[in-house]
Amino acid sequence: MEACVSSLLVLALGALSVGSSFGTQIIGGREVIPHSRPYMASLQRNGSHLCGGVLVHPKWVLTAAHCLAQRMAQLRLVLGLHTLDSPGLTFHIKAAIQHPRYKPVPALENDLALLQLDGKVKPSRTIRPLALPSKRQVVAAGTRCSMAGWGLTHQGGRLSRVLRELDLQVLDTRMCNNSRFWNGSLSPSMVCLAADSKDQAPCKGDSGGPLVCGKGRVLARVLSFSSRVCTDIFKPPVATAVAPYVSWIRKVTGRSA
């Protein structure tokens, strides 16, 4: 358990600086078709990509709560991007609401936050909210999912200029919680994931980005944390299930409707 806590601590603190242990990364994967994921958001600090996010409402982006360990005045949300150096549509953050039961490092439980834009998005080909799941959504072990991010393409590298995507499979949570893997660190709302190849993995600040699972274009998970070594097969990346939090999301976003 001590080793797991140490890994989580390194990763979450790494989110404080781009390019450190919890920057943004997809190792492997492929470039997405431009604007085929119009719900993607880039949370940026002083113009540099920090974490992913997903537009779930014309005024709100969902991300990982630990991504907000920053001075809010330095943060912006950028929508409609394919390449990081393109202009996109930039918003100030009017309000940031972490889940009321969020537990920071080492637990990282309920690792979700809602960010209110200082304007309202008009849905278009390049910017469009992603549908929330039903409160009863179940994503079973073996389910195929995909995620996207602007991350490093190899350990210790630079951010990708273009949005890349990676196919993943949901793993059995009991297995992920055994002593060879996360050793009891995972809460019931967490799920771990694996790519088709051991040389591929999301990691380092792709946190906050959405996982879309199954055939429907519906949000299923938000990436939370991983290991210092992104492709460590015994510390697979972990995401937070969205379905248990749908009531909270609707309550918060409904205030601005």
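FYI, residue positions are counted from 1 along the chain as it appears here.
From the backbone N, Cα and C atoms, a Cβ is placed for every residue, glycine too.
The following features are taken from Swiss-Prot:
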| type | residues | note |
| --- | --- | --- |
| ACT_SITE | His66 | active site, charge relay system |
| ACT_SITE | Asp111 | active site, charge relay system |
| ACT_SITE | Ser207 | active site, charge relay system |
| DISULFID | Cys51-Cys67 | disulfide bond |
| DISULFID | Cys145-Cys213 | disulfide bond |
| DISULFID | Cys176-Cys192 | disulfide bond |
| DISULFID | Cys203-Cys230 | disulfide bond |
| DOMAIN | 26-254 | domain 'Peptidase S1' |
| CARBOHYD | Asn177 | N-linked glycosylation site |
| SIGNAL | 1-23 | signal peptide |
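Features as recorded by Swiss-Prot, highlighted on the structure.
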| residue | record | contacts (Cβ under 8 Å, 6+ apart) |
| --- | --- | --- |
| Asp111 | active site, charge relay system | Ala64, Ala65, His66, His99, Tyr102, Val222, Ser224, Phe225, Thr240 |
| Cys145 | disulfide bond | Val139, Asp167, Leu168, Gln169, Val170, Leu193, Leu211, Val212, Cys213, Gly214, Ala220, Arg221 |
| Cys176 | disulfide bond | Trp182, Leu186, Val191, Cys192, Pro236, Val238 |
| Asn177 | N-linked glycosylation site | Asn183, Gly184, Ser185, Leu186 |
Cys67 (disulfide bond) to Ser207 (active site, charge relay system) - Cα separation in whole Å:
8
Cys230 (disulfide bond) and Ser207 (active site, charge relay system), Cα-Cα, nearest whole angstrom:
12
Fill in the CA-CA distance, Cys230 (disulfide bond) to Cys51 (disulfide bond), as an integer in Å.
16
Please work out the number of neighbouring Cβ atoms within 10 Å of the Cβ of Cys51 (disulfide bond), leaving out its own Cβ.
29
Averaged over the domain 'Peptidase S1' (26-254), what pLDDT does the predicted model reach?
91
